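First, the structure itself, so that you have it in front of you.
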Ligand code: PMV
(Lines of atoms letter the chains of each structure in order from A and count residues from 1; the text may use other names and numbers.)
(Lines give C-alpha, C1' and ligand atoms only; values in the text may rest on other atoms or scores of the structure.)
Protein backbone atom coordinates (compact mmCIF):
# COMPACT_ATOMS: atom_id res chain seq x y z
CA UNK A 1 0.00 0.00 0.00
CA UNK A 2 1.42 3.39 -0.97
CA UNK A 3 0.17 6.88 -0.09
CA UNK A 4 1.12 10.24 -1.59
CA UNK A 5 -0.28 13.70 -1.04
CA UNK A 6 -0.15 16.97 -2.98
CA UNK A 7 -1.16 20.50 -2.00
CA UNK A 8 -3.93 22.65 -3.42
CA UNK A 9 -3.13 26.15 -4.64
CA UNK A 10 -4.37 29.69 -4.93
CA UNK A 11 -3.61 32.07 -7.76
CA UNK A 12 -1.76 35.08 -6.38
CA UNK A 13 -2.08 36.55 -9.89
CA UNK A 14 -2.68 35.73 -13.52
CA UNK A 15 -5.55 33.23 -13.95
CA UNK A 16 -7.31 33.49 -17.32
CA UNK A 17 -4.52 35.66 -18.78
CA UNK A 18 -2.23 32.59 -18.54
CA UNK A 19 -4.43 30.94 -21.18
CA UNK A 20 -3.19 33.62 -23.66
CA UNK A 21 0.51 33.26 -22.93
CA UNK A 22 0.77 35.78 -20.10
CA UNK A 23 2.57 34.71 -16.90
CA UNK A 24 0.70 33.53 -13.80
CA UNK A 25 1.85 33.04 -10.21
CA UNK A 26 0.04 30.25 -8.38
CA UNK A 27 1.07 29.37 -4.82
CA UNK A 28 0.69 25.98 -3.11
CA UNK A 29 -1.28 26.06 0.15
CA UNK A 30 -1.29 23.80 3.18
CA UNK A 31 -4.44 21.90 2.26
CA UNK A 32 -3.81 18.55 0.67
CA UNK A 33 -5.33 15.72 -1.30
CA UNK A 34 -4.11 12.22 -0.40
CA UNK A 35 -4.26 9.14 -2.57
CA UNK A 36 -3.59 5.60 -1.34
CA UNK A 37 -3.12 2.81 -3.87
CA UNK A 38 -2.66 -0.93 -3.61
CA UNK A 39 -1.95 -3.09 -6.61
CA UNK A 40 -4.59 -5.74 -7.38
CA UNK A 41 -4.05 -8.72 -9.62
CA UNK A 42 -7.14 -8.59 -11.86
CA UNK A 43 -6.06 -5.47 -13.77
CA UNK A 44 -9.15 -3.53 -12.72
CA UNK A 45 -9.38 -0.17 -11.07
CA UNK A 46 -11.50 0.41 -7.97
CA UNK A 47 -11.77 3.97 -6.74
CA UNK A 48 -13.18 5.11 -3.43
CA UNK A 49 -13.51 8.81 -2.86
CA UNK A 50 -15.53 9.24 0.30
CA UNK A 51 -15.13 12.99 0.67
CA UNK A 52 -14.28 14.17 -2.81
CA UNK A 53 -17.82 15.33 -3.42
CA UNK A 54 -20.65 15.92 -1.00
CA UNK A 55 -22.05 12.47 -1.91
CA UNK A 56 -18.87 10.45 -1.84
CA UNK A 57 -18.66 7.54 -4.22
CA UNK A 58 -17.10 4.17 -4.96
CA UNK A 59 -16.62 2.97 -8.50
CA UNK A 60 -14.85 0.03 -10.06
CA UNK A 61 -13.87 -0.12 -13.67
CA UNK A 62 -11.78 -2.14 -16.04
CA UNK A 63 -11.54 -2.85 -19.72
CA UNK A 64 -15.34 -2.99 -20.07
CA UNK A 65 -15.85 0.45 -18.55
CA UNK A 66 -17.17 1.42 -15.14
CA UNK A 67 -19.70 -0.31 -12.89
CA UNK A 68 -21.06 2.20 -10.48
CA UNK A 69 -22.36 0.26 -7.50
CA UNK A 70 -22.63 3.27 -5.20
CA UNK A 71 -23.55 6.00 -7.64
CA UNK A 72 -27.10 5.96 -8.97
CA UNK A 73 -26.74 9.04 -11.09
CA UNK A 74 -23.12 10.08 -11.45
CA UNK A 75 -22.94 13.84 -11.15
CA UNK A 76 -20.74 15.76 -13.58
CA UNK A 77 -18.28 16.22 -10.71
CA UNK A 78 -18.12 12.45 -10.11
CA UNK A 79 -17.70 11.82 -13.85
CA UNK A 80 -14.88 14.38 -13.96
CA UNK A 81 -13.22 12.94 -10.85
CA UNK A 82 -13.33 9.47 -12.44
CA UNK A 83 -11.70 10.90 -15.57
CA UNK A 84 -8.89 12.44 -13.54
CA UNK A 85 -8.16 9.28 -11.54
CA UNK A 86 -8.38 7.10 -14.65
CA UNK A 87 -5.96 9.41 -16.49
CA UNK A 88 -3.54 9.46 -13.56
CA UNK A 89 -3.49 5.65 -13.38
CA UNK A 90 -2.88 5.46 -17.14
CA UNK A 91 0.13 7.75 -16.69
CA UNK A 92 1.49 5.59 -13.87
CA UNK A 93 1.05 2.42 -15.95
CA UNK A 94 2.91 4.12 -18.78
CA UNK A 95 5.73 5.46 -16.57
CA UNK A 96 6.29 2.03 -14.97
CA UNK A 97 5.79 0.15 -18.27
CA UNK A 98 3.03 -1.93 -16.66
CA UNK A 99 0.04 -1.33 -18.97
CA UNK A 100 -2.09 -4.00 -17.27
CA UNK A 101 -1.55 -3.06 -13.62
CA UNK A 102 -4.76 -2.84 -11.56
CA UNK A 103 -5.25 -0.86 -8.37
CA UNK A 104 -7.48 -0.17 -5.42
CA UNK A 105 -7.41 3.60 -5.08
CA UNK A 106 -8.64 5.64 -2.12
CA UNK A 107 -8.85 9.40 -2.49
CA UNK A 108 -9.33 11.82 0.36
CA UNK A 109 -9.10 15.56 0.06
CA UNK A 110 -9.24 18.68 2.20
CA UNK A 111 -9.60 20.80 -0.94
CA UNK A 112 -13.08 21.89 -2.09
CA UNK A 113 -13.84 20.53 -5.56
CA UNK A 114 -13.97 22.82 -8.59
CA UNK A 115 -13.61 25.93 -6.44
CA UNK A 116 -10.36 27.38 -7.80
CA UNK A 117 -8.04 25.64 -5.33
CA UNK A 118 -6.54 23.08 -7.70
CA UNK A 119 -8.35 20.04 -6.28
CA UNK A 120 -8.12 18.04 -9.50
CA UNK A 121 -4.43 18.79 -10.01
CA UNK A 122 -3.66 17.76 -6.42
CA UNK A 123 -5.55 14.47 -6.80
CA UNK A 124 -3.90 13.72 -10.15
CA UNK A 125 -0.36 14.50 -8.90
CA UNK A 126 -0.84 12.43 -5.73
CA UNK A 127 -2.35 9.52 -7.71
CA UNK A 128 0.46 9.44 -10.28
CA UNK A 129 3.10 9.57 -7.54
CA UNK A 130 1.46 6.89 -5.37
CA UNK A 131 0.70 4.49 -8.24
CA UNK A 132 4.18 4.72 -9.78
CA UNK A 133 5.82 4.18 -6.39
CA UNK A 134 3.50 1.21 -5.78
CA UNK A 135 4.96 -0.23 -9.01
CA UNK A 136 8.51 0.43 -7.81
CA UNK A 137 9.22 3.56 -9.88
CA UNK A 138 10.01 6.95 -8.39
CA UNK A 139 9.42 10.00 -10.61
CA UNK A 140 10.92 13.46 -10.11
CA UNK A 141 8.29 16.10 -9.24
CA UNK A 142 8.75 17.76 -12.65
CA UNK A 143 7.79 14.54 -14.40
CA UNK A 144 4.76 14.11 -12.14
CA UNK A 145 3.83 17.70 -13.13
CA UNK A 146 4.21 16.98 -16.83
CA UNK A 147 2.20 13.77 -16.72
CA UNK A 148 -0.49 15.42 -14.56
CA UNK A 149 -0.73 18.24 -17.11
CA UNK A 150 -1.37 15.68 -19.88
CA UNK A 151 -4.24 14.25 -17.81
CA UNK A 152 -5.81 17.68 -17.17
CA UNK A 153 -5.37 18.64 -20.82
CA UNK A 154 -7.22 15.51 -21.88
CA UNK A 155 -10.03 15.66 -19.30
CA UNK A 156 -10.57 19.41 -19.86
CA UNK A 157 -10.70 19.09 -23.67
CA UNK A 158 -7.45 20.94 -24.24
CA UNK A 159 -8.38 23.88 -21.98
CA UNK A 160 -5.70 23.64 -19.31
CA UNK A 161 -2.56 25.58 -18.54
CA UNK A 162 0.39 24.03 -16.74
CA UNK A 163 -0.18 26.32 -13.76
CA UNK A 164 -2.17 24.06 -11.42
CA UNK A 165 -0.34 20.81 -12.06
CA UNK A 166 3.16 22.33 -11.88
CA UNK A 167 2.35 24.20 -8.67
CA UNK A 168 0.79 21.16 -6.95
CA UNK A 169 3.72 18.93 -7.98
CA UNK A 170 6.62 21.16 -6.94
CA UNK A 171 5.01 23.30 -4.19
CA UNK A 172 5.86 26.87 -3.17
CA UNK A 173 5.21 29.90 -5.37
CA UNK A 174 5.74 29.24 -9.06
CA UNK A 175 5.75 31.18 -12.31
CA UNK A 176 4.09 29.66 -15.34
CA UNK A 177 4.09 31.14 -18.84
CA UNK A 178 3.14 28.74 -21.62
CA UNK A 179 5.48 25.76 -21.34
CA UNK A 180 7.97 27.73 -19.24
CA UNK A 181 7.49 26.65 -15.63
CA UNK A 182 9.75 27.58 -12.73
CA UNK A 183 9.76 27.81 -8.99
CA UNK A 184 10.18 31.30 -7.48
CA UNK A 185 12.97 31.35 -4.89
CA UNK A 186 13.04 33.22 -1.56
CA UNK A 187 9.34 33.96 -1.27
CA UNK A 188 8.25 35.73 1.94
CA UNK A 189 5.65 34.18 4.27
CA UNK A 190 2.34 34.78 2.56
CA UNK A 191 -0.53 35.02 5.06
CA UNK A 192 -3.36 33.77 2.85
CA UNK A 193 -6.97 33.65 3.97
CA UNK A 194 -9.40 31.71 1.78
CA UNK A 195 -13.16 32.29 1.64
CA UNK A 196 -15.34 29.60 0.04
CA UNK A 197 -18.95 30.17 -1.01
CA UNK A 198 -19.72 26.43 -1.20
CA UNK A 199 -20.14 26.58 -4.97
CA UNK A 200 -18.10 25.90 -8.07
CA UNK A 201 -17.59 27.61 -11.40
CA UNK A 202 -17.57 25.91 -14.78
CA UNK A 203 -13.98 26.46 -15.92
CA UNK A 204 -14.66 25.57 -19.58
CA UNK A 205 -17.59 27.98 -19.79
CA UNK A 206 -15.70 30.80 -18.06
CA UNK A 207 -12.62 30.38 -20.26
CA UNK A 208 -14.88 30.37 -23.34
CA UNK A 209 -16.60 33.55 -22.10
CA UNK A 210 -13.28 35.39 -21.84
CA UNK A 211 -12.30 34.13 -25.30
CA UNK A 212 -15.55 35.49 -26.78
CA UNK A 213 -15.04 38.90 -25.11
CA UNK A 214 -11.47 39.08 -26.39
CA UNK A 215 -12.65 38.36 -29.90
CA UNK A 216 -15.43 40.92 -29.74
CA UNK A 217 -13.62 43.82 -28.08
CA UNK A 218 -10.07 45.03 -28.48
CA UNK A 219 -10.26 46.50 -25.00
CA UNK A 220 -11.01 43.04 -23.57
CA UNK A 221 -7.79 41.79 -25.20
CA UNK A 222 -6.07 44.84 -23.64
CA UNK A 223 -7.52 43.85 -20.27
CA UNK A 224 -5.94 40.40 -20.59
CA UNK A 225 -2.58 42.04 -21.49
CA UNK A 226 -2.99 44.39 -18.51
CA UNK A 227 -3.24 41.35 -16.24
CA UNK A 228 0.09 40.18 -17.73
CA UNK A 229 1.69 43.57 -16.91
CA UNK A 230 0.22 43.38 -13.41
CA UNK A 231 1.72 39.91 -12.89
CA UNK A 232 5.17 41.23 -13.82
CA UNK A 233 4.78 44.03 -11.23
CA UNK A 234 3.59 41.39 -8.76
CA UNK A 235 6.70 39.29 -9.29
CA UNK A 236 8.85 42.31 -8.38
CA UNK A 237 6.76 42.89 -5.23
CA UNK A 238 7.13 39.21 -4.34
CA UNK A 239 10.91 39.39 -4.74
CA UNK A 240 10.98 42.54 -2.58
CA UNK A 241 8.75 40.91 0.07
CA UNK A 242 6.40 43.91 -0.22
CA UNK A 243 3.09 42.50 1.09
CA UNK A 244 1.28 45.85 0.87
CA UNK A 245 2.06 46.18 -2.81
CA UNK A 246 1.05 42.55 -3.36
CA UNK A 247 -2.30 43.33 -1.72
CA UNK A 248 -2.88 46.40 -3.91
CA UNK A 249 -2.10 44.36 -7.01
CA UNK A 250 -4.46 41.56 -5.90
CA UNK A 251 -7.27 44.15 -5.63
CA UNK A 252 -6.41 45.44 -9.10
CA UNK A 253 -6.32 41.91 -10.54
CA UNK A 254 -9.77 41.20 -9.11
CA UNK A 255 -11.07 44.34 -10.81
CA UNK A 256 -9.68 43.25 -14.17
CA UNK A 257 -11.08 39.72 -13.74
CA UNK A 258 -14.48 41.25 -12.90
CA UNK A 259 -14.28 43.32 -16.06
CA UNK A 260 -13.75 40.07 -17.97
CA UNK A 261 -16.99 38.75 -16.47
CA UNK A 262 -15.62 35.91 -14.34
CA UNK A 263 -16.51 37.16 -10.87
CA UNK A 264 -19.89 36.62 -9.19
CA UNK A 265 -21.98 38.27 -6.54
CA UNK A 266 -20.78 35.88 -3.81
CA UNK A 267 -17.13 36.24 -4.84
CA UNK A 268 -17.46 40.05 -4.86
CA UNK A 269 -19.20 39.96 -1.47
CA UNK A 270 -16.40 37.88 0.05
CA UNK A 271 -13.71 40.06 -1.55
CA UNK A 272 -15.28 43.19 -0.01
CA UNK A 273 -15.78 41.51 3.37
CA UNK A 274 -12.09 40.53 3.47
CA UNK A 275 -10.99 44.05 2.50
CA UNK A 276 -13.26 45.64 5.09
CA UNK A 277 -11.89 43.18 7.66
CA UNK A 278 -8.45 44.68 7.05
CA UNK A 279 -6.94 42.46 4.34
CA UNK A 280 -4.06 43.98 2.39
CA UNK A 281 -5.85 42.80 -0.77
CA UNK A 282 -8.35 40.21 -1.99
CA UNK A 283 -9.32 38.60 -5.27
CA UNK A 284 -11.08 35.59 -6.70
CA UNK A 285 -8.84 32.58 -7.33
CA UNK A 286 -9.03 30.23 -10.30
CA UNK A 287 -11.63 30.23 -13.01
CA UNK A 288 -14.20 32.23 -10.96
CA UNK A 289 -17.96 32.14 -11.36
CA UNK A 290 -18.21 30.87 -7.74
CA UNK A 291 -15.92 29.00 -5.38
CA UNK A 292 -13.09 30.74 -3.57
CA UNK A 293 -11.44 34.08 -2.98
CA UNK A 294 -7.97 34.59 -1.56
CA UNK A 295 -7.01 37.48 0.67
CA UNK A 296 -3.69 38.53 2.16
CA UNK A 297 -4.00 39.33 5.86
CA UNK A 298 -1.53 39.13 8.73
CA UNK A 299 -4.25 39.75 11.36
CA UNK A 300 -7.43 37.79 12.15
CA UNK A 301 -9.57 40.55 10.66
CA UNK A 302 -10.30 39.16 7.19
CA UNK A 303 -11.04 35.65 8.43
CA UNK A 304 -13.36 36.97 11.15
CA UNK A 305 -15.15 39.21 8.65
CA UNK A 306 -15.58 36.24 6.28
CA UNK A 307 -16.84 34.04 9.15
CA UNK A 308 -19.71 36.51 9.56
CA UNK A 309 -20.41 37.04 5.86
CA UNK A 310 -23.66 35.48 4.64
CA UNK A 311 -22.85 33.32 1.64
CA UNK A 312 -19.35 32.48 2.86
CA UNK A 313 -19.61 28.82 3.80
CA UNK A 314 -16.10 28.42 5.12
CA UNK A 315 -13.12 30.69 5.76
CA UNK A 316 -9.68 29.41 6.63
CA UNK A 317 -6.08 30.45 6.89
CA UNK A 318 -3.79 28.73 4.41
CA UNK A 319 -0.07 29.40 4.60
CA UNK A 320 2.13 28.90 1.57
CA UNK A 321 3.15 25.23 1.38
CA UNK A 322 6.75 24.91 0.24
CA UNK A 323 6.40 21.16 -0.30
CA UNK A 324 4.78 19.72 -3.42
CA UNK A 325 3.81 16.10 -4.02
CA UNK A 326 5.26 13.82 -1.35
CA UNK A 327 5.20 10.29 0.01
CA UNK A 328 3.14 9.90 3.17
O1 LIG B 1 -10.30 27.09 -11.35
P2 LIG B 1 -8.99 26.44 -11.60
O3 LIG B 1 -8.18 26.25 -10.36
O4 LIG B 1 -9.11 25.20 -12.42
O5 LIG B 1 -8.12 27.48 -12.46
C6 LIG B 1 -8.45 27.82 -13.79
C7 LIG B 1 -7.45 28.81 -14.26
C8 LIG B 1 -7.63 29.31 -15.69
O9 LIG B 1 -6.56 30.23 -15.93
C10 LIG B 1 -8.94 30.04 -15.85
C11 LIG B 1 -7.57 28.17 -16.69
C12 LIG B 1 -6.21 27.51 -16.76
O13 LIG B 1 -6.17 26.33 -17.15
O14 LIG B 1 -5.18 28.16 -16.48
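Backbone N, Cα and C define each Cβ position, glycine as well.
According to TrEMBL, the record shows the following:
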type: ACT_SITE; residues: 164; note: active site, proton acceptor
type: BINDING; residues: 112, 113, 114, 115, 116, 117, 118, 119, 120, 121, 122; note: ATP binding site
type: DOMAIN; residues: 84-172; note: domain 'GHMP kinase N-terminal'
type: DOMAIN; residues: 236-302; note: domain 'GHMP kinase C-terminal'
Roughly how many angstrom lie between the C-alpha atoms of residue 116 (ATP binding site) and residue 164 (active site, proton acceptor)?
10
What binding-site residues in 114, 120, 122 place CB under 6 Å from ligand 1?
none
What are the helix, strand and coil residue counts for the domain 'GHMP kinase N-terminal' (84-172) according to DSSP?
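When I sort the residues of the domain 'GHMP kinase N-terminal' (84-172) into the three classes, I find 51 helix, 8 strand, 30 coil.
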Pull out the binding-site residues from the set 112, 114, 122 whose C-alpha sits within 10 Å of the C-alpha of the residue listed as 'active site, proton acceptor'.
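The binding-site residues close to the residue listed as 'active site, proton acceptor' (Cα within 10 Å), listed in sequence order, are 122.
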Using a Cβ-Cβ cut-off under 8 angstroms and a sequence gap of six or more, which residues of the chain neighbour residue 122 (ATP binding site)?
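Within the chain, residue 122 (ATP binding site) has Cβ neighbours under 8 Å at 5, 6, 7, 8, 9, 32, 33, 109, 111, 168.
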Excluding 112, 113, 114, 115, 116, 117, 118, 119, 120, 121, 122, please set out which residues of the same chain place their CB within 8 Å of the center of the CB atoms of the ATP site, keeping sequence order.
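In sequence order, the nearby non-listed residues are 8, 111, 286.
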For the domain 'GHMP kinase C-terminal' (236-302), give the DSSP counts of helix residues, strand residues and coil residues.
36 helix, 9 strand, 22 coil
Counting other Cβ atoms within 10 Å of each residue's Cβ, which of the binding-site residues 112, 116 comes out lowest?
112
For the binding-site residues listed here, 114, 118, which shows the highest count of neighbouring CB atoms within 10 A?
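Neighbour-count leader: 118.
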